[in-house]
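Trainee: I have a structure here, written as structure tokens, and I will follow up with some questions on it.
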């Protein structure tokens, strides 16, 4: 069944901002600071560079998106290259290692905040199990709401974008009232470790890679292009506007938090964002409550646009037709949402938030290389491909996009393998999950070969 609802510019922009802003900055902030050598200036630069490396990717995917005006992002374009096995692999890997990890990280972080509000210590027996159970309950509840409530996307996106601003506005307010330039924003802290950064720019690669999770979601319009009114104008304006708006919000938010922190210890990995202003008990409670609503909005947006990819796979035959079923009363692909939720539950049960984000970074870097290869092929060989850039502009953007893909791939390997070993984990504890990821991805590819060879025989 076709999805026929149309969305205008403001609905798409609001949905994109709701998908990007908020949850990821709260999840990523402390880790980015740690990876930047606990230096405030380097951390701010990491967030700026994180947005800059996203821009070439955005400009590159805009061209085929508005040219073909089909939902499904890179999956649709790889199919147009007649790379059927690779398209099958791309779609499934995107679902298993990108879409599901985004959902799992938001739900896990939300459950952690709830246990923090009710003052359950993480070290208490059964606390981790309780957090995982809460995360799954949250995911199931939000999935049911999206499937069953009519027009939930149109109205909830607006509501949750407003709600998402609340914890950020709270931090801005605290910074205005209590902020100081004597702590982490002092000259001494700003200049710390800068010498090593000048010697080796590679120091920032892992930090920049980690910010990629916070900027993910900007590609939202390319997943629902068929449902957008006037996609030729709407898609590029939404994507570019969203990235720039988010960059300003994140950098301002980061500076505000740094003005509240008295030392790098309260911003280190493993500390919650609210630990930065822990001396103001009312602010901690308020922030955590606001943040829970923020995470709800993120999960709502992710379920909305990531389920469209599964629906697309079902339409093209790369997934069983049952996952293309749409609930008539709400026009929602309910079986796609259920599948996405089940995969996310696996990550919630068996991975930490840091491990989930590392898996996300590795998968997105690898998939972007394949995505760019498909765009190059279509531009050179498909007579129906509509060019919006001149050759020189296109190749500059493509080269920049490929370079950033390689850099984030290096950064993700560092996050998954080198960093855990440096913290004292055994080789087995570090390597078994990356190896499992590669093994599952390989099995998906083998299944694709088997599937399409059988079709040829028939």
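Every residue gets a Cβ built from N, Cα and C, even glycine.
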Trainee: Quick test of your reading of TrEMBL: among 65-83, 179-197, 198-216, where does it put transmembrane segment?
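Mentor: The range carrying the transmembrane segment annotation in TrEMBL is 198-216.
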Trainee: Please work out which recorded stretch in 7-29, 237-260, 356-373 has the most C-beta pairs separated by under 8 angstroms from the transmembrane segment (280-305)?
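Mentor: The listed stretch sharing the most Cβ pairs with the transmembrane segment (280-305) is 7-29.
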Trainee: Which residues, given as numbers and ranges, are at least 6 beyond the ends of the transmembrane segment (161-178) yet have a Cβ under 8 Å from it?
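Mentor: Distant contacts of the transmembrane segment (161-178): 14, 17-18, 21-22, 26, 249, 252-253, 255-257, 259-260, 277, 280, 283, 286-287, 290-291, 293-294, 296-298.
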Trainee: With pairs restricted to those 6 or more apart in sequence, evaluate whether the transmembrane segment (130-149) and the transmembrane segment (333-350) have 3+ C-beta pairs under 8 Å.
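Mentor: Per Cβ check, the transmembrane segment (130-149) touches the transmembrane segment (333-350).
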Trainee: Could you check if the transmembrane segment (41-64) is in contact with the transmembrane segment (237-260), meaning 3+ Cβ pairs under 8 Å among residue pairs at least 6 apart in sequence?
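Mentor: Yes, the transmembrane segment (41-64) and the transmembrane segment (237-260) are in contact.
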Trainee: Which stretch, 7-29, 85-118, 431-450, tops the Cβ pairs under 8 Å count with the transmembrane segment (356-373)?
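Mentor: When the Cβ pairs under 8 Å are tallied, 85-118 comes out ahead.
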Trainee: Sort out the residues at least 6 away from either end of the transmembrane segment (394-419), same chain, that have Cβ-Cβ distances under 8 Å to it, and list them.
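Mentor: Apart from its flanks, the transmembrane segment (394-419) reaches 53, 56-57, 59-60, 63, 205-206, 208-210, 212, 354-355, 357-359, 361-362, 364-366, 368-369, 372, 375-376, 379, 387, 430-431, 433-434.
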Trainee: Sort out the residues at least 6 away from either end of the transmembrane segment (7-29), same chain, that have Cβ-Cβ distances under 8 Å to it, and list them.
Mentor: 105-106, 109, 153-154, 157-158, 160-161, 164-165, 167-168, 210-211, 213-218, 220-221, 224, 227-230, 233-235, 237-239, 241-242, 245-246, 249-250, 253-254, 257, 267, 273, 291, 294-295, 297-298, 300-302, 304-305, 353, 357
